[in-house]
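Taken straight from Swiss-Prot:
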- GLY165, VAL166, GLY167, LYS168, SER169, THR170: ATP binding site (BINDING)
Amino acid sequence: MKNELMQRLRLKYPPPDGYCRWGRIQDVSATLLNAWLPGVFMGELCCIKPGEELAEVVGINGSKALLSPFTSTIGLHCGQQVMALRRRHQVPVGEALLGRVIDGFGRPLDGRELPDVCWKDYDAMPPPAMVRQPITQPLMTGIRAIDSVATCGEGQRVGIFSAPGVGKSTLLAMLCNAPDADSNVLVLIGERGREVREFIDFTLSEETRKRCVIVVATSDRPALERVRALFVATTIAEFFRDNGKRVVLLADSLTRYARAAREIALAAGETAVSGEYPPGVFSALPRLLERTGMGEKGSITAFYTVLVEGDDMNEPLADEVRSLLDGHIVLSRRLAERGHYPAIDVLATLSRVFPVVTSHEHRQLAAILRRCLALYQEVELLIRIGEYQRGVDTDTDKAIDTYPDICTFLRQSKDEVCGPELLIEKLHQILTE
């Protein structure tokens, strides 16, 4: 199995110039290895002897290197030999990956051999700004609460901000069924193994799985794999975009990626500065998120989930991500407790490309819907205690009358898909008749 792993990662001995650099492990911790290994570069792959365990250089101090292993550090000890391989980690990409499940390093998890694929570096540079095509076309998700007031565009990057247990996974499954996408890349980071299997087998339809590449790094995997999973998924999505495809990338979750990156950074000696996160975590986010979006030919529409602690939407990580993305969808615990799914807080949800990808009629209807919800929320407490008096404000009276129909419109089962024509028709029926 280890020999197959080396072959899949395209690692052959000796390195191309015939010169091998050897070193030895000097210190072993739960997360990182400290080795004497002069001449290495950041991101270089290393092989730990006498086995073929792989590790990556994540820090350099003179002749010493900090290595993050691909597997657990259990069983490793001081004095073991380390060989620098003079190459970086490459991941498989290609059409043959559709319908497959791979781990955070690109190795198959579904019991089948890796097909003939191309190989790319995991950390490509984002497309230059002037090479990208502008966002002009809508990407309809089939979810009324999104398409009605926060329509997404092809190539947009959206954050889904949610506390645990309010329907985030179900919403992701609904987004996987987006009718306007040619292919999907789904990455699950830090999830429980049981939930991963149930999500793939029971939440995703068979048709969706056929056009989806699934990257999985469960919570028990090493921190490097949990970090690398998002890079692997982004690299695969870039391959499809560069071939002119409309790709939907769904990442669950960006928070667990950041926590894994924090684990490595703190072990490497970085100091936490903002919200217990080292500066390296925040500096890596823009480069990673900018890799998605529009390209010269195709597009990557990306949805990143962000876990918020205690429903605090202004915590440092959530605030930083919101500033980098092109929109945000906020899930409400209050709506979930009422059995309102998807539990999307329409008034807190925003798409920055909404004015560009929708018609004037659509924008007018969305504004009316938002105003009705806002007016109802202002007097909701008065209604519940019986103190509201009708006739004082006609706009508020209308908002109260249409509120039940609006709630029915915004609710949707996970198997239901609403087309754009039916969406506008229903909005007309609720808001103008």
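The first residue you see is number 1, and the count goes up from there.
From the backbone N, Cα and C atoms, a Cβ is placed for every residue, glycine too.
On the structure: features taken from Swiss-Prot.
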| residue | record | contacts (Cβ under 8 Å, 6+ apart) |
| --- | --- | --- |
| GLY165 | ATP binding site | ARG333, ALA336 |
| VAL166 | ATP binding site | LEU331, SER332, ARG333, LEU335, ALA336, ALA343 |
| GLY167 | ATP binding site | LEU331, ALA336, TYR341, PRO342, ALA343 |
| LYS168 | ATP binding site | ILE160, SER162, ASP252, SER253, THR305, LEU331 |
| SER169 | ATP binding site | GLU195, PHE199, THR203, ASP252 |
| THR170 | ATP binding site | THR203, TYR341, PRO342, LYS414 |
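Annotation note: LYS168 (ATP binding site) sits in a helical segment as assigned by DSSP. Other than the site residues GLY165, VAL166, GLY167, LYS168, SER169, THR170, same-chain residues with C-beta atoms no more than 8 angstroms from the centre of those residues' C-beta atoms, the ATP site, are SER162, PRO164, LEU171, LEU331, ALA336, ALA343.
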